[in-house]
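The next block holds one structure in the form of structure tokens; read it before the comments.
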């Protein structure tokens, strides 16, 4: 797939039209593909995401403690959440990667996907302003902000899914590693997850088996909650 031809489609999916398309291209460019890559934009986007989510939680939960606010923010801005957002946007289809990353499945690697989301946030800030970033991020996070609650230990997706199934006296999820790519120090795991009463088989891809299972479980939870 040639990413450049699909930038208009991606902009519609993101909900933002760039004035300077080069910023979007840079946000999608991994360091393996070009000298003008997305790492500086990622640095900027990481800070913007943190302050927007912090502000949203502060006003949404006026009685929450600092500890609760910190835990909720950590849940919303962590790499696994950003990877899920990237998958919702099918961001892997638009990334510019070097030959080595392409061969090793970099378009599915959670760290690359999460970094690209943050880079896009940074690109929107430079293309427009902070208000545009806030409006866009609140639209991306609407469902997650509606669902999150203070005073609750922010459990990981595997634990939530397991407890959900146990509550209905159903069998536990079946996780199977179906593929391992890359060298020992930089591997990518592909895990399939199946549960009873759900025909769809969900796939998670991560830098460890555990991370891949967590991503698969999170996608199952999203299907259940639809």
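Here, residue 1 is simply the first one shown, and the rest follow in order.
Here the Cβ of each residue, glycine as well, is placed from N, Cα and C on the backbone.
Marked as active site by Swiss-Prot: 46 (among others). Counting every protein chain shown, 18 other Cβ atoms lie within 10 Å of the Cβ of residue 46 (active site). Secondary structure at residue 46 (active site), as computed by DSSP, is helix.
DSSP assigns residue 118 (active site) to a helical segment in the three-state reduction. Taken from Swiss-Prot, the feature active site covers 118 (among others), and the record attributes it to sequence analysis.
Sequence annotations record features per position, and here Swiss-Prot assigns Mg(2+) binding site to 42, 115, 118. The Cβ of residue 115 (Mg(2+) binding site) has 38, 39, 42 as same-chain neighbours under 8 Å, each 6 or more residues away in sequence.
The domain 'RNase III' annotation in Swiss-Prot covers 7-129. Predicted-model confidence for the domain 'RNase III' (7-129) is 92, expressed as mean pLDDT.
Taken residue by residue, the domain 'DRBM' (156-226) breaks down under DSSP into 27 helix, 20 strand, 24 coil. Feature annotation from Swiss-Prot assigns domain 'DRBM' to 156-226; the stated evidence is sequence analysis.
Most buried of the recorded positions 42, 118, judged by other Cβ atoms within 10 Å, is 118. You'll find the Cα of residue 118 (active site) roughly 5 Å from the Cα of residue 46 (active site).
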